[in-house]
Each structure stands twice: as structure tokens, then as C-alpha cells.
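Worksheet: the structure to be examined is printed underneath.
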Amino acid sequence: MTAYIISVLGDELIFIRQRSSLHSLVTFFVFTALLIEPIAGLNVNGVWSPSNDGFAIIGRFGFGKADIHRKTDSYGYIFGNITSASHPLDTQRKASLVLLSRDTFLRLYGPESDQSVNHSSLCGSFVAEIDKYAYDAKCKGDNDRDILRYAPCKKGGLCEGGFASSNPLVSGYQFTFVIQDQRQPTFWYLLLIACVRDGGNASSCEWRNTSKDNSVISYDIWFVNGNPVTASSNIFTYQFSYEQQDTILYLVMIFLYAILTTMQLYAFIRQKRRNLLVYLFTTSLSMHCLAFFFITLHKLVFAGDGVGYATLAVIADVIKIISMGFFILFVLIIAKGWPVTRSQVTAKPLLIVSWVVYIVIEIFLYIWAKRSQDVIMEIDEYHTIPGWFSLGFRIILMIWFLFELRATMMLEQDQEKLRFYLHFGAGIMVWFVHLPIVAIIGLQISLMWRYKLILGFSFGANFLAYAVVTHFMWPTRKSNRFLTHFVDSDYSEELDYYEETQCESLGRLTPNDNLNGINGRVNHFAYDNQLHHIK
């Protein structure tokens with residue numbers, strides 16, 4: 001595979017082709033993917049022992065609002081198998097499988113609680129709260145919530161507890177929880193706790209601590225939105241938590257990016273003169289389109305099996321970060337005035353080092369954000385510590401962009417080029433600042449809608465930025481001539497020399513000559529501007 005790196009020879013930027021193996025690139029992406037623990041999909045499986053951890057959160061899932069016209073098809077379902085890993089026929093109660101609504105869970109183990117759930121308190125206040133609602137045929141027959149099962153379950157049989165005998169069952173699974181009649185979308189939490197009621201004595205309804213039990217429990221559980229029997233009728237929502245139901249958005253975006261990338265590649269082929277900017281932008285857009293293709297593929301497979309390609313999704317995110325790095329390098333080079341105003345890029349080493357540092361930091365922050373996400377805290381990746389660092393870094397880059405653009409516009413005298421800088425700078429500044437603004441607004445919105453809001457604005461802004469630049473660089477546009485043809489002459493040195501000489505002249509003036517000196521400077525500057533336009 002051929003990779004392009006930027007090198008400086010004299011006063012010109014050229015491309016040097018450096019051979020690198022495909023194996024090295026694949027190794028980089030796979031290594032990055034392995035650093036990130038894939039977020040558990042809707043098909044959650046694993047093992048757990050009461051002695052290792054007396055309290056475990058199996059999963060958090062957002063269930064949508066129930067539709068009164070098709071109730072059973074719009075309910076949320078949690079179903080699966082949970083057995084003893086070493087003794088499949090063992091039915092002695094070792095733990096409790098508990099389903100809690102968001103409000104109940106946060107009251108027991110949220111930011112406002114003492115979060116002191118440990119082995120000694122599990123059968124105290126924590127379970128006492130659950131005991132107020134959970135139905136149990138022997139002990140709590142008056143309760144009406146089906147939120148409790150005892151584990152492990154006998155292989156091939158149903159789990160004890162709750163409405164196990166009357167609940168609609170999903171064929172082939174040992175338990176089913178149904179989330180029904182929700183008035184609005186909300187999260188539900190599924191927990192395993194090392195505390196059970198004694199099942200052998202009907203007169204005893206006391207909870208017993210099992211945190212010293214060394215048994216290993218194996219579970220395989222599904223979380224779905226909609227009736228498993230009619231899953232094919234809602235393929236874009238069935239496997240996804242409510243806040244993650246964005247497959248249609250990804251399909252729309254990959255369609256738009258496919259059209260835009262095809263147009264840019266067509267323009268790339270038509271262009272007779274291709275400089276660094278053309279290669280940078282085409283590479284950035286193509287990589288961005290490829291990232292959307294990968295993540296959309298993951299979403300479609302996930303919609304079918306509830307697992308998808310987690311590694312491919314991580315690779316897609318890394319590709320997107322790199323593509324954004326190319327785009328930022330592209331806009332910074334234009335802000336520096338090359339090739340519209342200057343015949344060469346100033347401070348090339350700083351620019352290249354900053355670009356590499358940006359990509360490395362963004363990948364590091366991405367890995368940090370993914371690994372620090374907690375199902376207990378209702379925050380998304382943008383509102384984590386690494387997320388805020390990333391947004392702050394984006395603001396710094398915007399300030400740098402505006403500083404470079406201002407310096408270039410002060411140097412430029414051509415009105416047509418100045419108009420181009422104004423339009424380009426305004427658009428890119430909006431692109432830089434939109435994400436921090438939306439992230440701040442998102443703090444006031446429920447997580448159920450926040451992720452979709454940020455995603456929608458981010459996707460839309462990125463696409464518009466690429467579309468506008470594609471328009472600027474279209475071969476028949478006058479702006480394309482600015483961006484692909486080198487400026488004939490660079491007046492920066494002349495203006496610097498002019499400013500130095502004027503300062504020296506003003507320094508030699510006597511107090512009585514100050515006014516005449518200033519008038520003379522203004523006249524000379526006007527004369528120099530006339531010479532510039534003649535040139």
C-alpha cells in the first residue's frame with residue numbers, strides 16, 4: 001500500500017511516496033480496537049460468582065413508549081437463560097435476578113445515593129426496597145410487579161420467582177421480563193445480587209446472604225424493543241436501545257456521502273493540476289465515507305444478530321478521527337494563505353507536528369472515553385472528562401484557524417480573494433464551534449434524546465462542511481483556481497520591509513515633523529497599494 005507523507009524541499013511542498021505494508025496499517029487498527037472493551041451488545045452473555053462480586057449490573061437498556069394500538073408488539077422484552085456453569089441441573093438458589101426501573105435504580109445506587117452497596121448491606125436496605133414491589137407467590141402475593149427471578153435455573157426448565165408460570169414466554173428461554181405500558185421512553189437495569197429468599201421453607205420469607213458461595217453462574221440474555229415473535233416488522237429498532245436507534249440516520253448519511261465522494265472523485269480525475277490541498281481533501285472525504293460504510297455495516301448486522309462487528313465499529317471511529325485530522329490540516333493550510341496569497345506555507349514543521357499530535361491525542365481521548373463510560377452514570381462520550389478535553393482542543397484549533405486567517409487577510413489586497421476568505425472562514429468557524437455548543441445544550445436534555453441530537457447536528461455539520469468545500473473546489477469554480485494554482489508573487493516580505501523602514505523613519509522625526517511624517521506615511525501607503533494592484 002502507498003502512503004503519502006508531506007515533505008519540505010526548498011520553498012515548495014511535494015509528496016513523497018513511501019512504501020508501507022498493509023499489515024502495518026491493519027495491525028494499528030486492530031491494536032486500537034483491542035484497547036477498547038466492546039460495549040456489551042443486546043445479547044449479553046458471561047459468567048458471575050456471588051463470592052467474587054455480590055452485586056453485578058448485567059445491562060442497561062432504553063425501552064420505548066408503548067403504542068396503544070399494538071401493545072404487545074411495542075413492549076420491551078428481556079429474556080434468556082441463566083444456569084449453573086458447573087452443575088446445569090442445580091436449582092438451589094444462589095442469587096436473585098432483579099429488574100429495576102431507572103428511578104428505582106438511581107434511588108438505590110445513583111449519584112444521590114450513598115452507593116454503599118456491599119456484601120453486608122445487600123440483604124438490608126437495598127433488598128428491602130426491592131421487596132416493596134417484587135411479586136413472589138409465597139411471600140409477596142399482593143405485589144404486582146414481575147421484576148424478580150432466582151438463579152440458577154434448572155437447564156431446560158423455567159426460573160423460579162415472579163410471574164414465571166403466567167408470563168408469555170419466548171420459546172427456548174428460561175425467563176422473560178416484559179416492560180409494558182410505558183408512557184415515555186426510559187432506562188431499565190438488570191442486576192444480579194448475592195441475596196435470595198429461602199425456597200425450601202414456605203413460612204420463611206427472610207432474605208439470605210449468599211456472598212460466600214463459590215458457585216459460578218452462566219447467563220445468556222437478550223434485551224429487545226418489541227415482540228420477539230414479530231421482530232422482522234421493526235428491524236431498525238428491535239435490537240437497539242432507544243437512544244441508539246439511529247440506523248436510518250446512518251443509512252441516509254452513507255447515501256449522501258457516497259454521492260458526494262463520487263462527485264469529488266470525478267472532479268479529482270478531471271483536474272489537470274492537483275496540489276497538496278486536492279489530495280488532502282479527497283483523502284479526507286474518502287476516509288470519512290469509508291468510516292460511515294463500516295459503521296453502517298456494523299449497524300445492519302447488529303440489527304440482525306444483536307452483536308454486530310464491534311471491532312469494525314472501533315476501526316470506523318478511528319478512521320473518522322484521521323479523516324477529520326486531514327480536513328483540519330486542509331483548512332489550516334488555506335488559513336495560512338497557501339496557495340491563494342502565499343507562495344509557500346509558513347511554519348511548516350509546527351503545522352505538521354501539530355497535525356500528528358492532534359490525531360494521536362484524539363485517538364487517545366477516544367479510547368479513554370470508551371473505557372470510562374459507566375452504565376450507572378447517565379452520560380454520553382461527549383460529556384466525559386476526555387470528551388470535554390476533546391471539545392476544548394477543538395476550540396483551541398478554531399482560535400488558531402482564526403488567527404492564521406486574520407493574518408492572511410491583512411496581507412491580501414485582492415478583493416475577490418478577500419471575499420473568498422470571508423465566506424470560507426465564516427463557514428469553517430461555524431463548523432468548529434457547532435459541536436461544543438450542541439454538547440453544552442445537550443446537558444439539559446435527557447440521555448434518551450441527547451445522543452441523537454448531538455449525532456444529528458454533528459453529522460449534518462460535517463456533511464455540509466464537506467459539501468461546501470467540494471463546491472469550492474469544483475473544477476469550473478473560480479475558487480478552484482485560487483486553491484489549485486500557485487500565487488505568482490508573495491508580497492509578505494515587501495510589506496514587512498516596508499513596515500520596518502517606516503518605523504525607522506518615524507523614529508528619526510522631530511516632534512515638529514510628526515504630523516508631516518504621518519501624512520507622508522499615509523500617502524506612501526496609498527501609493528504602494530496602487531503599485532500592488534498594478535502588479
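Glycine is treated like the rest: Cβ placed from N, Cα and C.
Feature list (source: TrEMBL):
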- 248-269: transmembrane segment (TRANSMEM)
- 250-468: domain 'GPR180/TMEM145 transmembrane' (DOMAIN)
- 276-297: transmembrane segment (TRANSMEM)
- 309-335: transmembrane segment (TRANSMEM)
- 347-368: transmembrane segment (TRANSMEM)
- 388-408: transmembrane segment (TRANSMEM)
- 420-447: transmembrane segment (TRANSMEM)
- 453-474: transmembrane segment (TRANSMEM)
Report the listed stretch (309-335, 420-447, 453-474) having the maximum count of Cβ pairs within less than 8 Å of the transmembrane segment (388-408).
420-447
Intrachain residues whose Cβ lies under 8 Å of the transmembrane segment (309-335), provided they are six or more past its termini
29-30, 32-33, 36, 38-39, 41, 276-277, 280-281, 283-285, 287-288, 290-295, 297-298, 301, 345, 351, 355, 358-359, 362-363, 366, 370, 397, 400-402, 404-405, 408, 424-425, 428, 462, 465-466, 469, 483
Which one, 347-368, 420-447, 453-474, has the most C-beta pairs under 8 Å toward the transmembrane segment (248-269)?
453-474
Cβ pairs under 8 Å only, please: of the recorded stretches 276-297, 347-368, 453-474, which one is richest in them relative to the transmembrane segment (420-447)?
453-474
Residues of the parent chain within Cβ reach of the transmembrane segment (276-297), under 8 Å, 6 or more residues beyond its termini
4, 6, 13, 15, 247, 250-251, 253-254, 257-258, 260-261, 264-265, 268, 309, 312-313, 315-317, 319-320, 322-324, 326-327, 329-330, 333-334, 339, 462, 466, 469-470, 473, 483-484
